[in-house]
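Single-structure report; data block below.
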Amino acid sequence: MTDLPNNVRWQLWIVAFGFFMQSLDTTIVNTALPSMAKSLGESPLHMHMVIVSYVLTVAVMLPASGWMADKIGVRNIFFTAIVLFTLGSLFCAKADTLNELVMSRVLQGVGGAMMVPVGRLTVMKIVPREQYMAAMTFVTLPGQVGPLLGPALGGILVEYASWHWIFLINLPVGIVGAIATLWLMPNYKMQTRRFDIFGFVLLAAGMATLTLALDGQKGLGISTLTLCLLIVIGIVSILWYLWHARDNDRALFSLALFRNTTYRIGLFGSFVGRLGSGMLPFMTPVFLQIGLGFSPFHAGLMMIPMVLGSMGMKRIVVQVVNYFGYRRVLVVCTLGLALISLVFMAVALMGWYYVLPLVLFFQGMINSTRFSSMNTLTLKDLPDELASSGNSLLSMIMQLSMSVGVTVAGLLLGMYGQQHLGADTAGAHHVFLYTYLSMAVIIALPALIFARVPNDTSKNVVIGRRKRSER
């Protein structure tokens, strides 16, 4: 990349900082949830909505982000994404109630949904094709550093300042990024086909209402009538979209995707798999602080081995899948993740805190292997004309499943923890024990789906589609 013009390198730096802001925000908030609950006068059982509101908004907005960038221009959309994300951060810091915080996180999510896919599109347009992989490696590196710094940085800010600062630190970065975007980034546009607005609204309504209905009366305090109405709207919206997309070449996502057996298994497995593993980043810092009495900083530090294990495993995951095949890797990793979550709970309750970093390191390795395998399995057999649509749907499902996973984790805590749960609660350990046992069952369930994957260990078949989808 040293032979790229200076202006292109500066543009890559802008995209990299956008990736960093978005990835940092996904991990820095988890550590601060108990402190937020105390400051806002809320039960920790309700704080999962701070995560759900952001991730669900990202899932809803993802399908529109690429089209908007092509239609309006990458500079305009990337600038808008940074401004919305920064404004959302400011409103989060100023929030005095949980409802205000949740609404501010929705605004953040709109910006976050546009930032990463539009950033990828920008890199594709400003660098030569032969240097695309090197450029993407460069801009995504800060995105890998974000999850590493997030938990510890969140713990430091909460312990030595206040939780408001986990959002305020986005302001200077966002202001500089917005100015640099207007100054340095070209406004590339592309010819676009007509956007399926009706299909987008149907899918958005279905995802949002069903996720809110899942949180239901315990989490949101809504009436039975409202709950039933949300469920009906959600189901009708999804069924209406399926009817709308039938034989519709302009549909947001073609139903032809589901005729591909590998894609169908991979997508369903990815949804159920991430539903389980999406609970862990939310539950771990909450358990460490509320269940074990760790300080926010100590809890944040404990999350670092998990991120290191995940990053380290990415270097060898292709070789592992090539050697053992998708079916063995996915089934073993799924059952292994369920087991390691129980080991983490057992080691913690026995007071062997010095072993926890090692357990979390292995948890990160297993989770990373499973994520990478699910992604490439899902896309590897798609024909070229469906690859882009299939990748977009997979990205949306990934975010949606993590949103549902955090919601389910909050429901489990609420079911076992009743009205309130604090560090001084006598039954806190039992509450988290039952919650983790239930989570382990949910995490293990996708093994039944992955057992149906053809046992193909051919190297070309395993990584061939991955290389084509990255071009």
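In case you wondered, yes, glycine gets a Cβ from its N, Cα and C as well.
Per Swiss-Prot, the features are as follows:
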TRANSMEM  12-32  transmembrane segment
TRANSMEM  49-69  transmembrane segment
TRANSMEM  72-92  transmembrane segment
TRANSMEM  101-123  transmembrane segment
TRANSMEM  138-158  transmembrane segment
TRANSMEM  165-185  transmembrane segment
TRANSMEM  195-215  transmembrane segment
TRANSMEM  220-240  transmembrane segment
TRANSMEM  265-285  transmembrane segment
TRANSMEM  342-362  transmembrane segment
TRANSMEM  393-413  transmembrane segment
TRANSMEM  431-451  transmembrane segment
Range from 101-123, 165-185, 220-240 with the greatest count of C-beta pairs under 8 A to the transmembrane segment (138-158): 165-185
Spatial neighbours of the transmembrane segment (12-32) far in sequence, C-beta under 8 Å, 6+ residues away: 1, 4, 50-51, 54-55, 78, 81-82, 85, 89, 108, 112, 115-116, 119, 122-123, 126-127, 135, 138-147, 149-151, 153-155, 157-158, 163, 166, 170, 173-174, 176-177, 180-181, 184-185, 281-282, 284-286, 289, 296, 299-300, 303, 307
Recorded stretches the transmembrane segment (431-451) and the transmembrane segment (342-362) touching, at least 3 CB pairs under 8 Å: yes
Most Cβ pairs under 8 Å with the transmembrane segment (265-285), selected from 72-92, 195-215, 393-413: 393-413
For the transmembrane segment (195-215): best-contacting stretch of 49-69, 101-123, 393-413, by Cβ pairs under 8 Å: 49-69
Intrachain residues whose Cβ lies under 8 Å of the transmembrane segment (72-92), provided they are six or more past its termini: 14-15, 18, 21-22, 25, 65, 100-101, 103-115, 118-119, 121-122, 125, 167-168, 170-171, 174-175, 177-178, 181-182, 185-189
Leading contact stretch, 49-69, 101-123, 342-362 vs the transmembrane segment (393-413) - CB distance under 8 Å: 49-69
Contact set, same chain, for the transmembrane segment (342-362): CB under 8 Å, 6 or more residues outside the stretch: 284, 287-288, 291-292, 302-303, 305-306, 308-309, 429, 432-433, 436-437, 440
